[in-house]
Amino acid sequence: GVWQFAYMIAKYTGRNPLDYWGYGCWCGLGGKGNPVDAVDRCCYVHDVCYNSITQGPRPTCSRIAPYHKNYYFTGKKCSTGWLTSKCGRAICACDIAAVKCFRRNHFNKKYRLYKKNIC
């Protein structure tokens, strides 16, 4: 869920998770236009990942699951134990991929709290 994603961001990037809220055109709720840089592209890919597990004829998760569904992870891996559902593992995989992407790319302060109307 949201809190687990926030924890991952803080732990693996060393940044406050709120730094990513409103970053560029895609970080935070919704998104439009072209990503402004590599970090914003991480958010775009994260949105695409969530869409892939919540849409289509046989979705793995409900549309709201990514915001409340708990999952289990150790280190940088999603748990495959009996406590974690298929949906939870899918959400976890999307979140871990995003965090690894954030960590690989430069955070540019000029894109924090970016004006979405220019996207």
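Glycine is treated like the rest: Cβ placed from N, Cα and C.
Around the Cβ of HIS46 (active site), a 10 Å sphere holds 23 further Cβ atoms from the protein chains shown. The active site annotation in Swiss-Prot covers HIS46 (among others).
According to DSSP, ASP95 (active site) sits within a helical segment. Per Swiss-Prot, the feature active site maps to ASP95 (among others); the stated evidence is similarity to another entry.
Here Swiss-Prot flags GLY28, GLY30, ASP47 as Ca(2+) binding site. Neighbour density for GLY28 (Ca(2+) binding site): within 10 A of its CB lie 16 other CB atoms from the protein chains shown. Secondary structure at GLY28 (Ca(2+) binding site), taken from DSSP and collapsed to helix, strand or coil, is coil.
Neighbour count (other Cβ atoms within 10 Å of the Cβ, all protein chains): 24 for CYS25 (disulfide bond). Look at Swiss-Prot and you will find CYS25-CYS119 (among others) tagged as disulfide bond, backed by similarity to another entry.
Taken from Swiss-Prot, the feature disulfide bond applies to CYS27-CYS43 (among others). Sequence-distant contacts (6 or more apart, same chain, Cβ under 8 Å) of CYS27 (disulfide bond) comprise TYR20, TRP21, VAL39, ASP40, CYS43.
As annotated by Swiss-Prot, disulfide bond applies to CYS42-CYS101 (among others). The number of other Cβ atoms within 10 Å of the Cβ belonging to CYS42 (disulfide bond), over all protein chains shown, comes to 25. In three-state terms derived from DSSP, CYS42 (disulfide bond) belongs to a helical segment.
Taken from Swiss-Prot, the feature disulfide bond applies to CYS49-CYS94 (among others), supported by similarity to another entry. Taking a C-beta cut-off of under 8 Å and a sequence gap of six or more, CYS94 (disulfide bond) has these contacts in its own chain: HIS46, CYS49, TYR50, ILE53, PRO66.
For CYS87 (disulfide bond), the Cβ neighbour count at a 10 Å cut-off comes to 18, with all displayed protein chains included. Residues annotated as disulfide bond in Swiss-Prot, with similarity to another entry given as evidence: CYS61-CYS87 (among others).
The feature disulfide bond is assigned by Swiss-Prot to CYS78-CYS92 (among others).
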- What residue among the recorded positions ASP47, ASP95 has the most other CB atoms lying within 10 A of its CB? ASP95
- Task: Looking only at C-alpha atoms, tell me how far CYS119 (disulfide bond) is from ASP47 (Ca(2+) binding site), rounded to the nearest Å.
- Result: 16
- Message: Give me the sequence-ordered set of same-chain residues, not including GLY28, GLY30, ASP47, with a C-beta within 8 angstroms of the centroid of the Ca(2+) site's C-beta atoms.
- Response: TRP26, CYS27, LEU29, GLY31, CYS43
